[in-house]
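Undergrad: Take a look at what Swiss-Prot says about it:
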type	residues	note
BINDING	GLN100, HIS276, LEU277, ALA278, ASP279, GLN280	ATP binding site
ACT_SITE	HIS301	active site, tele-AMP-histidine intermediate
Amino acid sequence: MIDIDGSYGEGGGQIVRNAIALSAVTGKATSIKNIRKDRPNPGLSAQHVKAIGIAALLCDAKVEGIKIGSTNIAFFPQEIRGGKYTIDIGTAGSIALLLQCIMPIATYSNTNIKLEIKGGTDVSWAPSIDYLKNVTLSALSKMGYRCNIDILKRGYYPRGGGIVNAIIEPSHLVPDRFSEERGTIRGISHCSNLPEHVAQRQADKAKAILENAGHECSIETCRTDFTSTGSGITLYCGMKGSFVPGKRGTTAEKVGNDAATSLLDELLTPSSVDIHLADQLIPYLGLAEGGSFTVKEISPHTKTNIWVTEKFLDVKFKIEKRNDIVKISIQ
């Protein structure tokens with residue numbers, strides 16, 4: 001039994017997602033206590049409960065304490081199996097965050113895992129589904145990871161209603177020494193149940209800032225009439241990206257500006273990955289037993305993921321400060 005203190009480090013839901021994923025992959029039972037202890041709403045949220053429930057289905061796990069508000073849980077995994085699953089997170093719970101828990105597990109299945117997930121595609125405090133598709137999966141493909149994502153409907157806060165199909169194939173992860181990539185900045189600016197000019201203004205503002213800084217960019221715009229009302233923009237270049245959801249009272253120009261300046265901040269440093277991707281890569285480097293990347297700084301999320309990963313796997317991470325960047329590798 002691997003005991004995890006859920007209040008360690010940043011003390012958020014990512015500890016739970018990472019621990020459950022690694023428990024399923026390694027077959028090691030885990031007990032997680034003090035979940036989100038110091039957060040305004042301690043314990044498991046609805047989307048955490050849903051993610052753990054699906055993880056349990058994938059590995060036929062026995063569980064204890066899996067309910068909204070629970071601060072102590074136990075997870076007893078068995079064999080991982082493929083299949084087709086339909087998941088409704090409810091309202092605008094993040095589809096990308098749920099996939100962060102499921103993706104490491106699915107790669108160790110004996111057959112493909114097909115998922116239809118309903119929830120939020122572009123919400124605050126979570127990667128957008130476009131970021132997951134174009135940055136996270138692009139990086140993981142270098143390690144042999146195979147996953148295809150189709151965005152059928154977008155879901156915004158608070159109604160959600162987005163629909164994403166994902167097919168994850170069994171694969172063997174291999175180490176990769178990620179290096180910096182440059183090229184044309186790409187992106188998608190979108191809105192639903194709003195005038196088309198909202199998406200266009202987001203894109204125009206972002207493009208103006210990026211081109212003024214000397215970058216070539218191509219930003220697609222898209223307007224739809226889905227269940228929920230909202231907007232957002234995701235920009236990416238190599239293994240760096242930014243994502244900003246629109247919100248009531250914030251102008252389209254502000255949304256585009258924030259996305260562009262966030263990406264520019266990452267591109268100013270010669271690191272290979274951005275700060276968001278860095279913490280997502282940690283468990284995969286551990287599972288591959290090798291690899292390295294550089295990032296502009298090590299975030300609390302990344303430190304926490306390293307701590308959790310070292311609890312489950314027989315690996316040790318090395319953190320080296322190099323001028324204006326940080327190199328993270330497996331020793």
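Cβ atoms here come from the backbone N, Cα and C positions, even for glycine.
So that I understand the layout, could you describe where these features sit and how close they are to other parts?
TA: Annotation note: ALA278 (ATP binding site) sits in a helical segment as assigned by DSSP. Other Cβ atoms within 10 Å of the Cβ of ALA278 (ATP binding site), summed over all protein chains shown, number 25.
Annotation for HIS301 (active site, tele-AMP-histidine intermediate): spatial neighbours GLU10, GLY12, GLN14, ASP279, criterion Cβ-Cβ under 8 Å with sequence separation of six or more. According to DSSP, HIS301 (active site, tele-AMP-histidine intermediate) sits within a helical segment.
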Undergrad: Starting from the Cβ centroid of GLN100, HIS276, LEU277, ALA278, ASP279, GLN280, which together make up the recorded ATP site, report each further residue of the same chain whose Cβ lies within 8 Å of that point, ordered by sequence.
TA: PRO127, THR136, VAL273, ILE275, LEU281, ILE282, HIS301, THR302
Undergrad: Could you measure the widest C-alpha to C-alpha distance across GLN100, HIS276, LEU277, ALA278, ASP279, GLN280, the residues recorded as binding ATP, and give it to a whole number of angstrom?
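TA: Maximum Cα-Cα distance: 13 Å.
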Undergrad: Helix, strand or coil for GLN100 (ATP binding site)? Use DSSP.
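TA: In three-state terms, GLN100 (ATP binding site) counts as helix.
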Undergrad: Return the residues near GLN280 (ATP binding site) by Cβ distance under 8 Å, restricted to its own chain and a separation of at least 6 in sequence.
TA: GLN100, PRO127, THR136
